[in-house]
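Annotated in TrEMBL:
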- A:Leu12, A:Gly13, A:Cys14, A:Gly15, A:Val16, A:Val17, A:Gly18, A:Ser19: NADP(+) binding site (BINDING)
- A:Lys107: NADPH binding site (BINDING)
- A:Glu192: L-homoserine binding site (BINDING)
- A:Lys207: active site, proton donor (ACT_SITE)
- A:353-426: domain 'ACT' (DOMAIN)
2 protein chains.
Amino acid sequence: MMRTRPLKVALLGCGVVGSEVTRIMTTHADDLTARIGAPVELAGIAVRRPGRVRAGVPEELLTTDATALVKRGDIDVVVEVIGGLEPARTLITTAFEHGASVVSANKALLAEDGAALHAAAEQHGVDLYYEAAVAGAIPLVRPLRESLAGDKVNRVLGIVNGTTNFILDKMDTSGAGYSEALDEATALGYAEADPTADVEGFDAAAKAAILAGIAFHTRVRLDDVHREGMTEVTAADFASAKQMGCTIKLLAICERAADGRSVTARVHPAMIPLTHPLASVREAYNAVFVEAEAAGQLMFYGPGAGGAPTASAVLGDLVAVCRNKLAGTTGPGESAYAALPVSPMGEVVTRYHISLDVADRPGVLAQVAMVFAEHGVSIDTVRQQGKDGEAALVVVTHRAADAALSATVEALRRLETVRGVASIMRVEGE
Amino acid sequence: MMRTRPLKVALLGCGVVGSEVTRIMTTHADDLTARIGAPVELAGIAVRRPGRVRAGVPEELLTTDATALVKRGDIDVVVEVIGGLEPARTLITTAFEHGASVVSANKALLAEDGAALHAAAEQHGVDLYYEAAVAGAIPLVRPLRESLAGDKVNRVLGIVNGTTNFILDKMDTSGAGYSEALDEATALGYAEADPTADVEGFDAAAKAAILAGIAFHTRVRLDDVHREGMTEVTAADFASAKQMGCTIKLLAICERAADGRSVTARVHPAMIPLTHPLASVREAYNAVFVEAEAAGQLMFYGPGAGGAPTASAVLGDLVAVCRNKLAGTTGPGESAYAALPVSPMGEVVTRYHISLDVADRPGVLAQVAMVFAEHGVSIDTVRQQGKDGEAALVVVTHRAADAALSATVEALRRLETVRGVASIMRVEGE
């Protein structure tokens, strides 16, 4: 059943992802036609600077008026790869109002405003797909939303930001400090001129919000995600990690509480054992573990960013929404029926690695141990290293609530014998 | 938009998978209802031995008349977890004729007769889904069929049989021989009483046929898959592999030829470097690499078998086909438009590790090297070990066509100085 009137696609943005989308739509047009059941035609490409040379991009399709493009009335699908909140949000909403389905790679917008966008799509009977918003080419949104639709996901744990993984991998393997590793990442094009969104964990937090929302059938917004960046991870932290048989990764962790009645979502650097599969995820690769009640542990691994991988995810969605258009239907929309409360970071239960600078005198360990005990935080191991009247004390705890650990650390800081808290890092993946 | 008339599901088979499907449908009924948009009701369960005790399975639903169950006329979805060709094929076809969609975990049937079944489903306007047929809970069918629908898959390389991976892992880590490792796998329930389907590669070959078909949009049948079992892998092979920094895995490999005009599918034991992610897949786990033009290298990892993981995949499909039923549509059917020829094993190009028992006398290496050269097979490395007038010669080749290698080995066997060919193993994943 091949129809000949082509489906019309409007592309918003023509940077690294947009130009790859254009290239693939042009060079693989016959395959896309066969897989969709109708030809797809690139009807227009909205860009900010039409004068810029874009190899392989038909100049006659370029326009600076994105609003007019989505309002044309004959557009079947809008592909949004501009990023950021505005004008993306308004353009997507306008697209819905004009009957177009939307494929987006916009993690920030979806984490901020996913519920409203889903509602708008449903109201207008169109699709909103966004596989490319999380972990580039790695299929994650579709497996969570469809393959695991009959299962109960308890945990999503992963490396979802390639820039920070490249930096941490570099620090781990070369012994470099943070700024040296960042410089290399910038020089190689893995980090942007302003790396804030990556290194402060904003990008990973947006992805955590999206993943938690889908995994737990609950609305989770960016604000619900506890976020700590990785700019303060030091070479000394890596040395400590190695002594424990661990390395350090920036992790996104979405968990269902043990009683099943609430969920948490967080992004922070953490130590993980070298034996854990995530420990061997190198360079800018991403990998995500999903633990489900019936399926057990699944892992998804691949390139988490880049023009071509992101375009692959965009085009997979494009085929799906085009098929839906032809069938006169829509795919699964938002599923937030569980509406579980998102608990604050204080209720997260995990393990901790704490380095203290203490006075090297008898009784200090006993004093420190007492503070942990008073706050109900059980110690797993303590390592003591003395030097010149000062000593370093490294404490690894058993599982404890984050609030209890914070209170412990506050009390430790008040101890006269504790000169400083050199680092606190969570230990995951055990 | 919740409707109240439940969708009716008939379950064919109630072994390890079927009883897990029943358990989850019962205990997670509310979640399934919310995710589908309507309640699902287990309307009947066809079993061979109704007297057997099945914990948690409602006895009043059991019937021995599977045909009558699928012919009832009010069944929306048939879940087939009987396995084997008949009566599964007839029951599935009958289900289609009576308007039911089918979710199947039956790799043998799909590899044998997938095209006819897809055609029958399409003719009757219903769905045929089978995520559970390949690699248990690991989402593979849906990612290949949907997430990568806008990409060009060039290669699928994976461990898709848990039983043989358990045996090979045991041989690798304990130095055990094949039959000792098989005995342990049998005792622990990883191998069946008759392990033929697993150890001779039939199970993996069926999965390879299904994966190749989806990946290359081409019909690939079980007969098209070159198949070698792993019963002849020895402890000596593992020792040789270790010397090369490799281990041995039973791999399913589906490849597009370099010119893109044909494909191959094969299952055989192969050496892979210890640095390759598949090398660290332990016990009965499965993992599959997918290489696509735009996406790059993706890996999917998880439990490849077992009641609960397989049930997870079945239920994901059940949710999808129920949603399609409610929307009055069907999901993507067979995509075989590319219709690429499947080339025979002789045209596969890969590397080889060959162990020869040769006479320990001058000139033997030159003679052997000449035979390789005459057949156009280029040698990468040779290792020679002499002992008591006999010597072992281990040759590792560069990439060469399988037919050229076979001809080389035949010629080597005819050499008077070659006492025997101890082993030939392909080297993959480099």
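From the backbone N, Cα and C atoms, a Cβ is placed for every residue, glycine too.
Comparing local CB density within 10 A for the binding-site residues A:Gly13, A:Gly15, A:Gly18, the maximum falls on A:Gly18. Under a cutoff of 8 A between CB atoms, and with a sequence separation of 6+ in the same chain, the neighbours of A:Val16 (NADP(+) binding site) are A:Gly306, A:Gly307, A:Thr310. The Cα of A:Gly15 (NADP(+) binding site) lies closest to that of A:Glu192, out of the recorded positions A:Lys107, A:Glu192, A:Lys207. If you draw a 10 Å sphere around the CB of A:Glu192 (L-homoserine binding site), it holds 13 other CB atoms from the protein chains shown. Here the residue listed as 'active site, proton donor' is positioned 6 angstrom away from A:Lys107 (NADPH binding site), judged by their C-alpha atoms. Surrounding the centroid of the Cβ atoms of A:Leu12, A:Gly13, A:Cys14, A:Gly15, A:Val16, A:Val17, A:Gly18, A:Ser19, where the record places NADP(+), the chain contributes additional residues within 8 Å, namely A:Leu11, A:Glu20, A:Val21, A:Thr22, A:Val47, A:Val81, A:Ile82, A:Gly307. The recorded positions A:Cys14, A:Val17, A:Ser19, A:Lys107, A:Lys207 differ in how many other CB atoms lie within 10 Å of their CB, and the one with the most is A:Lys207. On the backbone, the CA of the residue listed as 'L-homoserine binding site' and the CA of A:Val17 (NADP(+) binding site) stand 15 Å apart. Cα spacing between the residue listed as 'active site, proton donor' and A:Leu12 (NADP(+) binding site): 21 Å, rounded to the nearest whole number. In the three-state DSSP assignment, the secondary structure recorded for A:Leu12 (NADP(+) binding site) is strand. Note on A:Leu12 (NADP(+) binding site): other Cβ atoms within 10 Å of its Cβ, all shown chains, come to 26.
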